[in-house]
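**Student:** First the structure, then my questions, so here it is.
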Amino acid sequence: MVDYHAANNQSTGGPQTYMEQENDWDRDLLLDPAWEKQQRKTFTAWCNSHLRKAGTQIENIEEDFRDGLKLMLLLEVISGERLPKPERGKMRVHKINNVNKALDFIASKGVKLVSIGAEEIVDGNAKMTLGMIWTIILRFAIQDISVEETSAKEGLLLWCQRKTAPYKNVNVQNFHISWKDGLAFNALIHRHRPDLIDYDSLRKDDPVTNLNNAFEVAEKHLDIPKMLDAEDIVNTARPDEKAIMTYVSSFYHAFSGAQKAETAANRICKVLAVNQENEQMMEDYEKLASDLLEWIRRTIPWLENRTQEKTVKDLQARQEDFRDYRTVHKPPKVQEKCQLEISFNTLQTKLRLNNRPAFMPSEGRMVSDINTAWHTLEGAEKGYEEWILSEIRRLERLEHLAEKFHQKAAIHESWTDGKEAMLTQKDYETSTLSEVKALLRKHEAFESDLAAHQDRVEQIAAIAQELNELDYYDAASVNARCQKICEQWDILGSLTHRRKESLERTEKQLESIDELYLEYAKRAAPFNNWMEGAMEDLQDMFIVHNIEEIQGLITAHEQFKSTLPEANKEREAIQAIQAEVQKIAQSNGIKLSGANPYTTITPQSIDSKWEKAMAMVPQRDTALQDELNKQNSNDSLRATFAKQANTVGAYIQAKMEEIGRISIEMNGTLEDQLTNLQEYQKSIMSYMPEINKLEGYHQHIQEALIFDNQYTSYTMEHLRVGWEQLLTTIARTINEVENQILTRDAKGISQEQLYEYRASFNHFDKDHSGALKADEFKACLISLGYDVENDKQGDGEFNRIMGIVDPNNTGFVTFQAFIDFMSRETTDTDTADQVIASFKILAGDKNFITADELRRELPPDQAEYCIARMAPYAGPDAVPGALDYMSFSTALYGESDL
């Protein structure tokens, strides 16, 4: 037999076949007798439920459709359309023509009839007739069923699962054995008409009673004819799936009104879920912003604390605390700040995509407020670090000056010890002429010594003044000691003057004086003072910061050593004077008293000091060489840090330029761009060990108290800021792509549209800044067909658009704002009117809704969410407990206040 309809559809290129698996009715495969029986009964009842509308019915499904008349009538009833006029003849050809007209009509609805021909129907082929009726049921009773973007069989199964989910002992997984115990049928009825079924009285072990109860109630109260016998279902291991689907589809259509309410409830649930998610994101932002601002508020006073420490060790402890803050406490806060900006941008994007008003954080918690506070924090941080370094220098200087002050003061006090007693004695009154002359010469030598010590006193006073100016913590004791030295010095000057006057008066009466002793005293005193000064210089502490300074000290020391031969000659000459005195005394038989009457400086003390000074020279050599080695080491640290810093700085600069190009020249799908950016972010984070290595070098630099570096222009602070900016930039770029994906998915924008928008945006972004100026944006709009020419009407339209894309009047339009505007112009979103219409369906067309109705139609959490926020309804038709869903719906979209 020629398959007329298959050939007809092939030749005309008809529409896509519907449920080809279900239509693939194998003409040679025998039906299970039980299934065939169930299909006959179910399909006959289904056909009669429609034919009775035309005042007729069938008794035998394969016999009554043979002439094609009732088949055409059935199709007219279920489709609401007129078929071609049937042929009334009784001949076989007339019947075939009528059946073909019916089959042609079925095929015109997009149904491919496989292996079903008019001849089989006319010949009363039961299997082919049942297959044809099943195809009609699929097309006109099941095809249009749609639940949550699924259709036909899957949609009907999902509808059954959702409706029966709350009922115990019901688990609908298919259209055969899941229905054998009858509980699923009863659950469907009870869900929509609880007044018709006492569900709790049903027992799972009594399927026949359950099935009969459901079938009888459906026939009596729901106008659904009984299509199956309970015994046929129970006694069959696996009921016929097509019979069950046909029967269940009648329940679906009977409850189609309730389905509309469910759709309305789904829309409201979706809107409320979005609102709840946005509110949670707002709360999370507020808390994170509050915590971060509180941490900044607590940290800034600590960074602004300028309480001075007494020692370098105490200040270094504070420096260590600051280093812990930089490496341990601050990095998590940098991440929190970045996450806060990302969360804020994501929230604003979601609000725009869902047609919600923009989120305005609490006062003082805007992203700009946080950036301002962060800028203040970094300013305080920079100031604190500079203060610590300057304080270390100051304290080092203070400790060095204090040590020098006490050293010089001790030497001076040692020298002045007993001088007052010497100057106030009256020994010249009982002395001989030679003794008086000796006393006078001695006094002259003392005056020379006194004048030589004047420089030391001035140095002590100058050091004390500098300690006061640098705010030395023990300045009081320094001032007291300096005051005592100065007062004693004035007394010594006054006593020296009076004694000299007394000796000069006596000198006229006394003439004898020992010239040799006098010459010895005059030369020994300055030489002795020179040795004391040399010893003081050799013991003098020094502090240097670079190689040039230590080399200068070494050069000065070498110059000092070059003067030692001349100094030794002077020492030998002084000792020769003393030897000459001894020779003259021996030659002339003079008995010396053993002491030079003009000075207390003995040859032995000169030799002793000379030996001490000579011993100090190699010690000074060693100390200077050690310091030179230290400065060479410090210079090596500078070079190591500079090499790493120059590498890191160039890397950061290159990556910043590279991410700028990537953000403008993005290619591929948004998902590809996001994947590439995330991989790029990982590659950047893999560079972190180099940053840590540089931090380690920087720590060595600080520990060595190195304050300058001529090998590089980079500082650790600059590199830290650059690294943080690099991480923040890549995170913001990733966030921008994520928001574009959100926009594309929410608005249905195709990838080609996004490419077109990006190409237009980049074309007019002449400076590649990632934002369009107002004139660039206008040119872009004109290129896209918008009427914003330079006239009154065009300017008005352009100002309206600028108000949308640049609400803060910055004068720039970002790509995200451009995408949001274009998606809003080309797609549709939920509106307040749509939500109001959905609530109106749930409320049974009333102007208000009750709490019971909300709890019945919505999930518990969203029902309670609405009840808590809806204002009482105050209209003339209000009833107790009436709620105003209209004002609630407009508030969701920012058109009124909740």
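Each Cβ is built from the backbone N, Cα and C atoms, and glycine gets one as well.
Annotated coiled coil per TrEMBL: 436-470, in sequence order. Here TrEMBL flags 37-141, 150-256 as domain 'Calponin-homology (CH)'. Feature annotation from TrEMBL assigns domain 'EF-hand' to 752-787, 793-828.
In terms of burial and nearby residues, how do these features look in this structure?
**Tutor:** Nonlocal intrachain contacts for the coiled coil (436-470), taken as residues 6+ away from its ends with a CB within less than 8 angstroms of a stretch CB, comprise 394, 397-398, 401-402, 404-405, 408-409, 411-412, 415, 422, 427-428, 478-479, 482, 485-486, 489, 492-493, 496, 499-500, 503-504, 506-507, 509-514, 517-518, 521-522, 525-526, 529, 597-599.
Note: the domain 'Calponin-homology (CH)' (37-141) comprises 71 helix, 0 strand, 34 coil (DSSP; helix = H, G, I, strand = E, B).
Residues of the same chain lying 6 or more positions beyond the ends of the domain 'EF-hand' (752-787) and with a Cβ under 8 Å from any Cβ of it are 660-661, 663-666, 670, 740, 744, 793-794, 797-798, 801-802, 805, 811-815, 818-819, 822, 826.
A mean pLDDT of 77 is what the model gives for the domain 'EF-hand' (793-828).
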**Student:** Do any residues, 6 or more residues outside the domain 'EF-hand' (793-828), come within under 8 Å Cβ-to-Cβ of it, and if so which ones?
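**Tutor:** Same-chain contacts beyond the ends: 345, 349, 352-353, 358, 736, 739-740, 743-744, 746-749, 753-754, 757-758, 761, 770-774, 777-778, 780-781, 786-787.
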